[in-house]
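Under the heading ATP binding site, Swiss-Prot lists Y86, G87, S88, D99, I100, D101, D153, K214, Y223, G232, V233, citing similarity to another entry as support. Among the features that Swiss-Prot reports, Mg(2+) 2 binding site is placed at D99, D101, D153, with the record citing similarity to another entry. What Swiss-Prot records for D99, D101 is Mg(2+) 1 binding site, and it gives similarity to another entry as the kind of evidence. Taken from Swiss-Prot, the feature site 'Interaction with RNA' covers K144, H313, N314, R385, E500. According to Swiss-Prot, the feature region 'Disordered' maps to 437-463, 530-566.
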Amino acid sequence: MTTKQWGITPPISTAPATEQENALNTALINELKNQNLFESPAESEKRVKVLDELQQITTEFVKKVSLAKHMNEKMANEAGGKIFTYGSYRLGVYGPGSDIDTLVVVPKHVSRDNFFQDLEPMLREREEVTDLAAVPDAYVPIIKFKFLGISIDLIFARLSVPRVPRDLELSDNNLLKGVEERCVLSLNGTRVTDQILQLVPNRAVFKHALRAIKFWAQRRAIYANVVGFPGGVAWAMMVARICQLYPNAVSSVIVAKFFRILHQWNWPQPILLKPIEDGPLQVRIWNPKLYPSDKAHRMPIITPAYPSMCATHNITLSTQTIILREMVRAGEIADQIMVKALPWSALFQKHDFFHRYKHYLTITAAAKTAEAQLKWAGLVESKLRHLVTRLELVDAIALAHPFNKGFDKVYNCSSEEEAQQVASGVTLEVAYESTDHEKLANDTVNEEKADNTESKADGSENGEKQIFPVYTTTCYIGLELEKKKGHPIKRLDISWPTQEFYELCKKWDKYDDTLMNVFIKNTKNTALPDEVFEPGEERPKATKKRSTADTAHSTEQLKRQKVSTA
C-alpha cells in the first residue's frame with residue numbers, strides 16, 4: 001500500500017513519534033499554555049457571537065443597498081452577503097486579544113463606495129462597536145473597529161454574481177471571473193487559509209507547531225511583512241511544508257526540524273505546498289522565468305491558491321540574513337531541547353535588538369492630527385524596506401536591521417511654534433503620553449465630533465491652556481558596520497539613502513506638509529529612549545573609548561551625520 005504524498009516531493013521521514021518525542025510534545029504544549037497563547041472557551045464563544053452579529057449586519061447592509069437600487073423586496077432578501085474569516089482565526093491559532101481578520105463578500109450590485117457610505121454608518125450606530133477607523137484609500141480598503149471588545153479588521157470583496165447565499169464557498173476559481181484585482185487579493189486571504197489547512201497531514205500537529213513558530217518569531221522580532229520579515233501567512237506556509245515532509249511527526253519534532261531545514265534550504269528555491277496551477281483569469285502568476293521581479297525574490301514562499309503569489313516579496317538582503325541567523329540560533333537551542341538539556345522556554349527568549357548594535361537610525365513620522373497620523377505613519381512604515389535596501393548599498397554598512405514595530409507618542413505642546421519644532425525633530429522638554437493605534441482611532445473619532453468653532457488664543461472657556469498635540473510614530477533600524485581589519489571606517493555618509501526615502505514618502509498623493517513630516521536621526525544605543533525597553537530591563541552601557549585616532553574620527557563622523565527633514 002502506497003503512502004499518500006503531501007506536497008510536491010516525497011516525505012523525508014514517515015516514522016511515528018517516539019515516547020520521548022511525545023513527552024517533549026506535551027512539554028511544548030504546556031509551555032504554550034504557560035505563555036498564555038490559548039484563549040478560554042468563554043472568549044472563543046464570544047468570538048462566534050460577534051461573527052454571527054456581523055453576518056446579520058452584512059445581510060441587512062446588502063438588503064438596504066439592494067432596495068436603494070430599486071430591487072423588489074424578494075430580490076433584496078435573496079441578494080445575501082456573507083462574512084468569511086481568514087488569517088490566524090481561520091487557521092485556529094488565535095490567542096487572547098487577537099483580532100479577527102474578516103472579509104465581507106457581496107453581490108455585483110454592491111460597490112466599494114457602499115461599503116464605506118452604508119456599512120460604516122451602520123457599524124457606528126451599534127453600541128457594541130467602538131474605536132472605529134476607516135481607511136478607504138488603502139490599496140486593500142479596510143474598516144477597523146472593536147465589537148464587544150474584540151478587534152475586527154474588515155475588508156471587502158465584490159463577486160460578479162447576482163446573489164451571495166449563506167452556503168457559498170470560495171474554493172471555485174471561476175468565482176474570480178470579472179472580479180477586480182483588489183477583490184481577488186481580499187478573497188485570496190480566505191482561499192489561501194483554507195488550502196493550507198487542506199494541504200497538511202494532521203491539522204492539530206500543524207496548529208500547535210504554528211503557534212510555537214509564530215510566538216518564537218514574535219519574540220525574536222522577525223514577524224512583520226511590511227518591514228521585510230515574513231508575515232503570518234508566510235510562517236504558516238513554512239510550517240505546513242515541514243509538516244508535509246514529516247507527515248507522522250508530532251509538533252515538537254516539526255518545530256525542531258523547522259529551523260534546520262529552512263536554514264539549509266537552497267534559497268531562492270521556492271517553498272511550494274502544491275504545484276502552481278493555471279486558472280481562468282488573465283492575471284499574473286508568480287513565475288521567475290517570466291518576470292525579472294519574481295526572480296529577485298530572496299526567500300520565495302508561494303501561496304497555494306490561484307493565482308499564486310509570493311508572500312515574502314518584501315524580504316531584503318539584510319532581513320534574510322537576520323532570519324537565517326535567528327534560525328541557526330533557534331536550531332541550536334532546539335537540538336538541546338530535544339535531548340532534554342534545555343526547556344522549551346529557552347526557545348522563546350526575548351530579542352536583544354536594542355542591545356545588539358551601537359548605532360541606530362530613528363525614523364519618526366509626525367502629524368498634527370490623529371486622523372492624519374493613522375494614515376501617514378502607515379505610509380512611512382510601508383516605505384521603510386526601501387530605506388533598508390538603499391542603506392544596504394552604502395559601502396560602510398554591512399547590514400540594516402529594521403525593528404518590526406513602531407513606537408507611538410503624543411506630545412502635548414503649549415504653542416503652535418513648539419508643535420512645529422517637535423514635528424520637525426527638534427528635541428524639546430515637552431510633556432508626552434504613550435499611545436497606540438487604538439488611541440489614535442479614538443482621537444480620530446473625537447476630532448470628528450469636536451466643534452469646528454475657532455478656539456480662543458489663550459485657551460478654552462474654563463481657563464485651561466490650549467494644547468497643541470503632535471502625534472508621532474518612531475521606527476528603528478540597527479546598523480551593523482563593515483569590519484575590515486586594519487581599515488577603520490572614516491566616514492559614513494547616508495545622506496543619499498535618507499534623501500531618497502524622504503522623497504519617496506512625500507510623493508504620496510495625500511501628503512500635506514502643513515500637517516505631516518518625517519525625519520531621521522542617528523542615535524547611539526546608550527541614548528535610546530525608555531519606551532523601547534521593558535520595565536527593569538538593563539540598558540546598554542557606554543563602552544570605553546579606544547585610543548586610536550581613526551576609531552574616534554569614525555565615531556565623530558557618524559555622530560555629526562546630519563539628516564535634514566527636507
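Every residue gets a Cβ built from N, Cα and C, even glycine.
Sequence features annotated in Swiss-Prot and their locations in the structure.
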residue : record                      : contacts (Cβ under 8 Å, 6+ apart)
Y86     : ATP binding site            : D101, T102, L103, G189, T190, V192, T193
D99     : Mg(2+) 2 binding site       : I150, S151, I152, D153
I100    : ATP binding site            : R47, V50, L51, T85, Y89, Y94, I150, S151, I152, D153
Y223    : ATP binding site            : K214, A217, F229, P230, G231, G232, W235, N404
H313    : site 'Interaction with RNA' : S293, H297, P300
R385    : site 'Interaction with RNA' : V226, V227, G228, N314, T316, T319, P402
E500    : site 'Interaction with RNA' : H386, L387, R390
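There are 21 other CB atoms within 10 A of the CB of S88 (ATP binding site), with all protein chains counted.
Close to the recorded Mg(2+) 2 site, the chain also has G87, Y89, I100, T102, K144, S151, I152, L154: residues not among D99, D101, D153 whose Cβ is within 8 Å of the site's Cβ mean position. Counting other CB atoms no more than 10 Å from each candidate's CB, the binding-site residues D101, D153 peak at D101. Its own atom aside, the Cβ of K144 (site 'Interaction with RNA') has 18 Cβ atoms within 10 angstroms in the protein chains shown. You'll find the Cα of S88 (ATP binding site) roughly 17 Å from the Cα of K144 (site 'Interaction with RNA'). Sequence-distant contacts of V233 (ATP binding site), defined by Cβ-Cβ distance under 8 angstroms and a gap of at least six in the same chain, are G87, V192, T193, I196, T303, A311.
Neighbours of N314 (site 'Interaction with RNA'), defined as other CB atoms within 10 A of its CB across all chains, total 23. Under the three-state DSSP scheme, K144 (site 'Interaction with RNA') falls in the strand class.
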